[in-house]
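To start, the structure itself, in structure tokens.
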Amino acid sequence: MRSPSAAWLLGAAILLAASLSCSGTIQGTNRSSKGRSLIGKVDGTSHVTGKGVTVETVFSVDEFSASVLTGKLTTVFLPIVYTIVFVVGLPSNGMALWVFLFRTKKKHPAVIYMANLALADLLSVIWFPLKIAYHIHGNNWIYGEALCNVLIGFFYGNMYCSILFMTCLSVQRYWVIVNPMGHSRKKANIAIGISLAIWLLILLVTIPLYVVKQTIFIPALNITTCHDVLPEQLLVGDMFNYFLSLAIGVFLFPAFLTASAYVLMIRMLRSSAMDENSEKKRKRAIKLIVTVLAMYLICFTPSNLLLVVHYFLIKSQGQSHVYALYIVALCLSTLNSCIDPFVYYFVSHDFRDHAKNALLCRSVRTVKQMQVSLTSKKHSRKSSSYSSSSTTVKTSY
């Protein structure tokens, strides 16, 4: 199985490169300085705007934060990873969504969940050029407050959307094994209802990201950051409670459901008698389990754990020593947009066929003609075999 292994290798390479970048950043700063997180401290100085001299609330950052904002970790490494995710994720998820919507006739629950997962990835990836440009230009945001809020909202919304839809997909696969004779139309209606509920939930839980002011001007660096620097009071108060609630409610609980579903699935597969066809299904189910667990370990677990640790250190100590690892983990979480199409490949046999036909530029009409031709050939072989056996029987008497 290549996709999980490739994901592990890519994740390991990214972590190695990130650790080197982080060490270089830390060595270039004063180790005795405090406030090792991107906390914006109020600096009540006046600055000249286009309409004259006005006094506004501006912010300053400590030496470590300045080194992170100007270092290669954020200005070189992050845009490289985001570029890879954009180049791979945009066409693969676009094709996946097209296959699910226009090529797949039977809308099973798994197809519905995977289509929503592809849509979530696509809605996140299309904003990546702005994020890439932001980091390349020294973490300087020039696109306005509204676009910054949209970018951050879609960034976190995609991560938690992916977690919830992967959980639904995992539970659904277990339910198919336990109850294979269920009514497909009823299941599809339930899946549509659950998908709509997930989108509504994500919209509601990401509202604070759209409301809170995400851009802050740093006069000392002459840059405007997008989400990288926030006021200290906001970080230790509302943002801590907000991200802690997200980590528990939208990551930890779904992760528990996913793990439970796969443990029960493995038990069911081991206890049931296996013929040749069932053995193939069992192997495909195991591939799905390994792929999903790899996604959780590489993409979701580090970012959510470090997110809680980062904000806890800010709240308890007024500083965070893990910010560099935290932003690398957030960067790794975007790899799910590249891995998800491989999950579709393992889960759905129809998706594999439709994707191959799409890549070979075969129209729906051409595929139907090929299927009819193949069916007629099989039927003719069976007929010739039957007539041959009948002739043999007659001559033996």
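Cβ coordinates are placed from backbone N, Cα and C, and glycine is handled just like the others.
Checking the candidates Cys148, Cys299, Cys331 against Swiss-Prot, the cysteine paired with Cys226 through a disulfide bond is Cys148. Feature annotation from Swiss-Prot across Cys22, Cys361 places S-palmitoyl cysteine at Cys361.
Under the topological domain names given by Swiss-Prot, Lys105 lies across the membrane from His227. Your range for region 'Disordered', going by Swiss-Prot and the list 23-47, 373-397, is 373-397. Here the disulfide-bonded residues are Cys148, Cys226, and the one whose Cβ sees the fewest other Cβ atoms within 10 Å is Cys148. Among the recorded stretches 72-101, 150-177, 324-347, the one sharing the largest number of Cβ pairs closer than 8 Å with the transmembrane segment (278-317) is 324-347.
For Asn222 (N-linked glycosylation site), the Cβ neighbour count at a 10 Å cut-off comes to 9, with all displayed protein chains included.
Counting Cβ pairs under 8 Å to the transmembrane segment (150-177), the top-ranked stretch among 72-101, 109-137, 184-211, 236-269, 324-347 is 109-137. Annotation: stretch 72-101 has the most Cβ pairs under 8 Å to the transmembrane segment (324-347), among 72-101, 109-137, 184-211, 236-269.
Note on the topological domain 'Extracellular' (138-149): residues 69-70, 74-75, 130, 209-215, 221-228 of its chain, located 6 or more positions outside it, place their CB under 8 angstroms from a CB of the stretch.
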